[in-house]
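Some notes on the structure that comes next.
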Amino acid sequence: DRQTLVAVLQFLRRSNLRESEEILRREARLLGDDLGAAALSPAGAGLLGAPGGDADAAGGEALLSRVTTAAATAIGGSAATLLLYSNGFAVGGGVAVEDQPDVSAVLSAYNQQGDPTLYEEYYSGLKHFIECSLDCHRAELSQLFYPLFVHMYLELVYNQHESEAKSFFERFHGDQECYYQDDLRVLSSLTKKEHMKGNETMLDFRTSKFVLRISRDSYQLLKRHLQEKQNNQIWNIVQEHLYIDIFDGMPRSKQQIDAMVGSLAGEAKREANKAKVFFGLLKEPEFDVPLDDEDEEGENEEGKPKKKKPKKDSGGSKSKKQDPNAPPQNRIPLPELKDSDKLDKVMNMKEAARRVRLGPECLPSICFYTFLNAYQGLTAVDITDDSSMIVGGFADSTVRVWSVTPKKLRSVKTAADLSLIDKESDDVLERIMDEKTASELKILYGHSGPVYGTSFSPDRNYLLSCSEDGTVRLWSLQTFTCLVGYKGHNYPVWDTQFSPYGYYFVSGGHDRVARLWATDHYQPLRIFAGHLADVTCTRFHPNSNYIATGSADRTVRLWDVLNGNCVRIFTGHKGPIHSLAFSPNGRFLATGATDGRVLLWDIGHGLMVGELKGHTDTVYALRFSRDGEILASGSMDNTVRLWDAVKAFEDLETDDFTTATGHINLPENSQDLLLGTYMTKSTPVVHLHFTRRNLLLAAGAYSSQ
């Protein structure tokens, strides 16, 4: 339109681009009489060859892009001009935005506005069309309601039509799916243009295109409708702010769509889950093990990678064959095994030989550790792999470590006393401990805010804790003192976890990124950025090559430790994610969230393969049994539930079609997978742990209300 043209000409003059201005004037005059026709021609089709060529070529971009291409070409493609053009244009409204912050750049995309009074009509027209379309298309097209509603509302607010915006919001916000209520609450507080400037939610919505997965038929239907109705306002939003991932084939049913949607930015693009993931386990190191004779029963398929599997031959030297899906052994550098680690593996194998085989007929016993009188507010729990120690992180900023065995916790003697010890004696490891310090409980002081995450190192020498104060601290369990404070997050750190091989650890926090650290570096090695809200929980894959993060943006991402890339994005939860667990064989991931659902994912195919319904409140703890037969989940609803993992993962449909389109068929009823529900009197479950013999330990703080 002429206004825009004038604005661009003025901009060129201000920027001393006389030459471009002249060309643009010439072109515009040339097109002056048929502006209307030219507005429809694709980007500069008629202009590139000979100015004034075929102006009524088939529909497409507006005159603007036509002019830019022409001008840039005519100048001989001068890079500087092209750049200026793209800067002025991409942002809309042809304004120079080089010196403005990103926010305004993002917001000014809302400049092209329609008649504010017609927005309700546009929206209800589309709503009527979708509700009257065939069932097969209705479910898919209904996904448009929420993103269109948000963008139309924001467009009204941005252009300062406050009363129209208010009435638009009131009329249609009730139609949105229940899982968007929290986002809508934030949205309803944005009523003036000024509010939009500093608002994070706002920026997320603007910068990340909302992703919808729609079949080609449904998309064609929508496009035809909008073009017939000349409903450009909605079409502009679809083009500008939504990313429509079109697939060929049957439209998805309401159930299939409901299972997958609900995250802050829609579903994941199918491309996001295509990368190859090495989900197999690393080969165990080989060394001879004196085994008892009773190890026949313990031939399990899939122990955790840090566990040594029981071997059939008493030499124990034949190691399991290399898993075809495993990463190369040296893909990321892992720490060497120390002698004490080898000893621990031997112990582990002996324990594993006595491990109980679990299943629907043989459920684990559950031992519940209740924290009584925890007035300090229990905020995190962890248990060592050999189940000898338990740690609690508290809201009063303390970290408390208990011994769960009769063996008390002791510190190492002072340097002066250590020098007197005969280093050659057999029991030197016993002698260095100071008996005078023995106690069942040690309290670690150092954080200056609630402690939200704790994690023991696999060798039980160290303990990590992360806190609201923005730091992650590494504590020695030999001296019970703080060794390092890792400062990288500027905001609360919600979770931290050691790698199954030790040395590396991960942390995630309010700054929306997860960081990978090594204990001997005070700077992070990797920063995993991509979530649109707090990273609430973090987990290492059993082979330590990948890290899963759950976030308040209601997605789970899988990151490659080697290069920091995001290799999987899982959407489907309807609330912030608070627990993650990998199956011991590394193939599957279980996730739990505030929506009370536990979702199961096939990592290799990037697909949701199960949904376990039963909990009525946030699922804070998930753990697979040592051989992966049972999944235990613990929740704020004061229950521990046991699920049949073998059955959940059998005969999965992971053919190429499903993988390509996301037509997942979840069993209607997850009750036949539920093996048991165990109530506590009034104790929310915050942590679960299977001992090496498959006894289930649970922990939580008694709440008196």
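Placement of Cβ uses the backbone N, Cα and C atoms for every residue, glycine included.
Residues or ranges marked as compositional bias 'Acidic residues' in TrEMBL: 289-300. Marked as compositional bias 'Basic and acidic residues' by TrEMBL: 312-323. TrEMBL lists 114-242 with the feature domain 'TFIID subunit TAF5 NTD2'. What TrEMBL lists as region 'Disordered' is 289-343. Annotation comment: TrEMBL describes 371-412, 444-479, 486-517, 528-569, 570-603, 612-644 as repeat 'WD'.
Long-range neighbours of the repeat 'WD' (486-517) within the same chain, counting only residues 6 or more positions beyond its ends whose Cβ lies under 8 Å from a Cβ of the stretch, are 304-306, 334-335, 449, 452-459, 462, 464-474, 523-529, 531-540, 542, 544, 547, 549, 551, 559, 561.
Counting Cβ pairs closer than 8 Å to the repeat 'WD' (444-479), the top stretch among 371-412, 570-603, 612-644 is 371-412.
Helix first, then strand, then coil: DSSP counts for the repeat 'WD' (486-517) stand at 0 helix, 19 strand, 13 coil. Within its own chain, the repeat 'WD' (371-412) has Cβ neighbours under 8 Å at 306, 344, 347-348, 418, 432-435, 437-456, 458, 460, 463, 465, 467, 469, 475, 477-480, 686-687, 689, 691-692, 695, 697, 699-702, counting only residues six or more beyond its boundaries. Note on the repeat 'WD' (371-412): its mean pLDDT in the predicted model is 90. For the domain 'TFIID subunit TAF5 NTD2' (114-242), residue counts in helix, strand and coil come to 102 helix, 7 strand, 20 coil, using DSSP. DSSP assignment over the repeat 'WD' (570-603) gives 0 helix, 19 strand, 15 coil.
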